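Colleague: Below: one structure in structure tokens.
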């Protein structure tokens, strides 16, 4: 499975015919970070982050923490202290349709965080939230154990039962693209010849 980490999300998206790509501005806070692993899901009430620490305690090394924060942009689901705990227990990265805080310190960790932005306001811990349930982020449903692939182009969800088939199609697309680039991107003449063959 570790070899899949370096497959571009663009190829995964093509392998799923555009399905599974999270919308809504969920992006990496550090350029060049890549993320791949099975989802450990958390569903939070708006403004709440209490279940995050419970999820950290349950996480297995390599899990991706996927947090449904209802798109809340007002209160952070985690800051540098909590994110450092995630890193130390072996969580592969964090994906949330909400915000974090302590941006500069978190960026210095060089650890994969994909979110909608930042705030200075902390979340509250009242004990709300559900772990290991189906969640929805960026218009995509995520079931515990589904695979998360993320890079600078965004976040893609791969249903766990489809991982082999999707990766086969993605790798075929990569090979096809490499062959096309080798053939077309040689000279002005090769580009013109390629363009003339395209449907009008």
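Positions of Cβ are set from backbone N, Cα and C atoms, glycine also.
TrEMBL feature annotations, pasted as is:
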BINDING   79, 80, 81, 82, 101  substrate binding site
BINDING   102  Mg(2+) binding site
Colleague: For residue 102 (Mg(2+) binding site), list the number of other Cβ atoms lying within 10 Å of its Cβ atom.
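Modeller: There are 19 such Cβ atoms around residue 102 (Mg(2+) binding site).
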Colleague: Tell me, by DSSP, whether residue 81 (substrate binding site) is helix, strand or coil?
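Modeller: Reduced to three states, the DSSP call for residue 81 (substrate binding site) is helix.
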Colleague: Across the listed substrate-binding residues, 79, 80, 81, 82, 101, what is the farthest Cα to Cα distance, given in whole Å?
Modeller: 10
Colleague: Residues other than 79, 80, 81, 82, 101 within 8 Å, Cβ to Cβ centroid, of the substrate site?
Modeller: 76, 78, 83, 84, 100, 102, 105, 106
Colleague: Taking each of the binding-site residues 79, 80, 81, 82, 101 in turn and counting other Cβ atoms within 10 Å of its Cβ, which one has the fewest?
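Modeller: Ranked by other Cβ atoms within 10 Å, the binding-site residues 79, 80, 81, 82, 101 bottom out at 81.
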